[in-house]
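Below is one structure, written out as structure tokens; comments come after it.
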Amino acid sequence: MNGRSSISAWCIDRPVATLLLTFALVLLGVVAFPQLPVAPLPEADFPTLQVSAQLPGASPETMASSVATPLEVQFSAIPGMTQMTSSSALGSTSLILQFTLDKNIDTAAQEVQAAINTASSRLPQDMPSLPTWRKVNPADSPVLIMTVSSAQMPANELSDYAETLLARQLSQIDGVGLVNITGQQRPAIRVQAQPEKLAAIGLTLADLRQSIQQTSLNLAKGALYGQHSVSTLATNDQLFHPEQYAQLIVAYRDGAPVHLKDVATVINGAENAYVQAWSGHQPGLNLVVFRQPGANIVDTVDRVMEALPHLEERLPAAVQVSVLNDRTQTIRASLHEVELTLLIAVLLVIAVMALFLRQWSATLIVSSVLAVSLVATFALMYLFGFSLNNLTLVAIVIAVGFVVDDAIVVVENIHRHLEAGDSSREAAIKGAGEIGFTVISISFSLVAAFIPLLFMGGVVGRLFKEFALTATSTILISVVVSLTLAPTLCALFMRRPQHPEHAAPTFGERLLAGYARLLVKALAHQRLMLGLFGLTLALAVGGYVAIPKGFFPVQDTGFILGTTEAAADVSYPDMIRKHQALAKIIEADPAVRAFSHSVGVTGSNQTIANGRFWIALKAPGQRDVSASEFIDRLRPKVAQVPGMVLYLRAGQDINLSSGPSRSQYQYVLKSNDGAALNLWTERLTERLRANPAFRDLSNDLQLGASVTRIDIDRQAAARFGLTTTDVDQALYDAFGQRQISEFQTETNQYKVILELDARQRGKAESLNYFYLRSPLSGEMVPLAALAKVAAPSTGPLSISHDGLFPAANLSFNLAPGVALGDAVSILERTQRELGMPASISGTFQGAAQAFQRSLSSQPWLILAALVAVYIILGVLYESFVHPLTIISTLPSAGLGALALLWLMGQDFTIMGLIGVVLLIGIVKKNGILLIDFALDAQRSRGLSPQAAIHEACLTRFRPIIMTTLAALLGAVPLMLGAGAGAELRQPLGIAVVGGLLVSQALTLFTTPVIYLALERLFHRRQAAATAARPIEN
């Protein structure tokens, strides 16, 4: 790219065109920036569907065998499904279906609906409705959680207001995808039958159910078509209030009517009587708001908050709505921190340039290139559909060092020609022309290091695709701007520097003089330098093997998720009392801003023995502990509540668990032998609990649920023409919260529930009042004549499946200082030590599974980056040998990154890995600057290899130091940064800073030695090949 034919010369000759085109580029970026969505992380949608099925009153075994299994058989035939899990509890089954990342979620939904339709003939006929599905995204957390509470209003009325006036209206706001209600008690009319009164007048629960079903209907009635008008027919066929149901005539005895109120109590209640939620200590519920895929989180939440006052005006004065967790607060704070980090990085880089160039015009030119490149990147981000998030902004921060590299190399070379006496224009043309190929080599080899990131699989690959492409875009833009705008501005504004004749040596000159002395010694002891390189390589490999490894750093989002677990046979009132005791402990902690909690079957909670806590902490500056430290502080306090365990985990922006989890990490055991699975799960759990590396370890078996078993005498039943189905139906009427009817209003549909009177509902003795009607004689047959209550037993509170097999889920957190990689090794070793049979298989799920996959791919990712860089350099230099010299700079960088991560107590996580990949792109720049100059000196001026590399080291010392310092100082704010999101950014900054420090200290001496060694090896082989060639006559 020498001479006037280069693109730089064209731009220098056309400054107006160059400036206008640059302005257009900047304008595109300025226009695009406000249009970019804002998010904590890039989009990482997992195509996932949740299927829910209800059969109130059905046991976990019934739900698993009669509902879950028929559905699983059909779902397993759907192509592209990677994981299918189910959990069946009393009256409900929830299935989670995950598909490959390239599966269209709408296509998957259609196939799931078709599978449900096919399975419907095998499902219980008395299910209130067919199973339903909804789209979920495990990687996407709620953007807003609000509490709706009232001290005076009944819970069912509060739920009705929350659903009809809030949830439905909020779901229509632009950007809102879904609004879930947890702790909801949907209004219903409950008919509480008194079995002794029914028996006294010869009625059964079946009689009562059929009578109610037939007297409250909403059927089509037609219309009157007259000569001049049409009139729609309407009747009072529906009943809406308990008083109306109480007046129903259910039978006649001795000519007198028997009203429903004579044999039952009719009340306003809830569909599920065993659900309760609180906002603090006040009864309430949660509104959980999710965004639509791709929607701007900040704009969505702003629109919700803007609409909220208008919605509150329509609510009764007794209802309060408050925000429990607003994710935009941490997102705004995190993005502000990154923006501040970017500003600091830019200022530090400019300071370095001013220190070395000692000319404000040169400093401002490089700063202009930096500004244009960064702003123009926003235009490409908009074009690619990216968002402003922690990773893309970190990519831009890191790119600050890369971007100025190109500009520094160009401007410094032009500056050197000015010092030699050339005019501004000639210096710009010569300097840019000489260095153009070097700039392209540096940038293209840097881009090559990012290529493997684009091919990473799974959710990690999706997260870092935006990171890699954003950084690549910035680098490629900087190449163009550095070779067009920078020379043009240099020709217009840079002048020959004026140095006093007897001026003291500058800082850069003193540094160069010291380096020159050390370089002579290094070249005189080449074997020692090669030995040092070998030692560095060995230490880098050993450090990688030895350093603790993790997945993603644990973030402090200021939000804590809790799951409670009591004895499997705990009563509903006892569960409430235990929850209230926990609530008092949590409220007393000074770090807590607000909290809510719930018990019963609601949302993802399927059993009475489990509950949920949502805890919002104060802002970081207003509390004395991090989220993890808060959990450690609270753990011994909540352990004082007898018969209750509270599992806590910090909410994360990256959530890879497809279902509810008690702790941060999950491990799943499965087998076709349920008894063996239960036995070995308990053994493994007990062994791991004794290991100090694990915290909050638990499994979801919960086998101690109380079971009251009724043995039916089939022969006795047959004598009366009755079957076991008749007995089951009678029990279901009494104890199943059976939905027997419904009524519609203008805004909603409500259920009518049949059950026993509250005094009889929890006692087995109430079975003595049960009667069934014989279809043979019509007489009343006491249940006691057909069945007897067996001795109490125990059973599972819930049943889990993974695929088509019974499964048990282990959840765990890690003790401080324990890496996920170590925990994985301990768990796998413990399984082997226990001698777990081969019929039981175990796999990690969620973040632990993603960690395992990323761990196995880490060496290949680093190797792929090295190979990509080698290929690009080999193509550019038309050489197999010299790219090896350039790549030889990398082991010291890897060693420095690992060493500093270890010294600062950081695991080698995905963010550290990305830092190492970045170093592969950054550090080889030193080698390129040296090798490019040395090769040119050998070829054009005939210098010896040693003279060429010696001159290259001294001539390119200043740009090497400047560019390295620029990259290093660009990463320092990431390493030292605090505030929201710092946990994600710090490992990357530490890796880059450590790698640059060590590599800069070593490669300036080892690279010239390796260059000479490879030159000697190459020429020796070339000479041998020439000598072996036969002489032609």
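For all residues, glycine too, the Cβ spot is worked out from N, Cα and C.
The model shown is predicted, which means the values in this text are computed figures rather than measured ones.
TrEMBL has this to say about the protein:
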type	residues	note
DOMAIN	371-492	domain 'SSD'
TRANSMEM	340-357	transmembrane segment
TRANSMEM	364-385	transmembrane segment
TRANSMEM	391-414	transmembrane segment
TRANSMEM	435-455	transmembrane segment
TRANSMEM	467-493	transmembrane segment
TRANSMEM	528-547	transmembrane segment
TRANSMEM	860-877	transmembrane segment
TRANSMEM	884-904	transmembrane segment
TRANSMEM	910-935	transmembrane segment
TRANSMEM	956-976	transmembrane segment
TRANSMEM	988-1014	transmembrane segment
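Averaged over the domain 'SSD' (371-492), the predicted model has a pLDDT of 83.
Against the transmembrane segment (435-455), stretch 910-935 shows more Cβ pairs under 8 Å than any other of 340-357, 364-385, 391-414, 910-935. The stretches the transmembrane segment (956-976) and the transmembrane segment (528-547) do not meet in space: the count of Cβ pairs below 8 angstroms, excluding pairs fewer than 6 apart in sequence, stays at fewer than three. For the domain 'SSD' (371-492), residue counts in helix, strand and coil come to 110 helix, 1 strand, 11 coil, using DSSP. Panel annotation: around the transmembrane segment (910-935), residues 398, 401-402, 405, 409, 437-438, 441-442, 445-450, 452-453, 460, 464, 467, 471, 551-553, 854, 858, 861-862, 865-866, 869, 873, 877, 882, 885-890, 892-894, 897, 901, 945, 948-949, 951-953, 955-956, 959-960, 963-964, 967, 984-992, 995-996, 999-1000, 1003-1004, 1007-1008, 1011 of the same chain, lying at least six beyond its termini, place a Cβ under 8 Å from a Cβ of the stretch. Here the transmembrane segment (528-547) sits against the transmembrane segment (988-1014); at least 3 CB pairs are under 8 Å, leaving out pairs fewer than 6 apart in sequence. The stretch in 340-357, 467-493, 988-1014 that contributes the largest number of Cβ pairs under 8 Å to the transmembrane segment (391-414) is 467-493.
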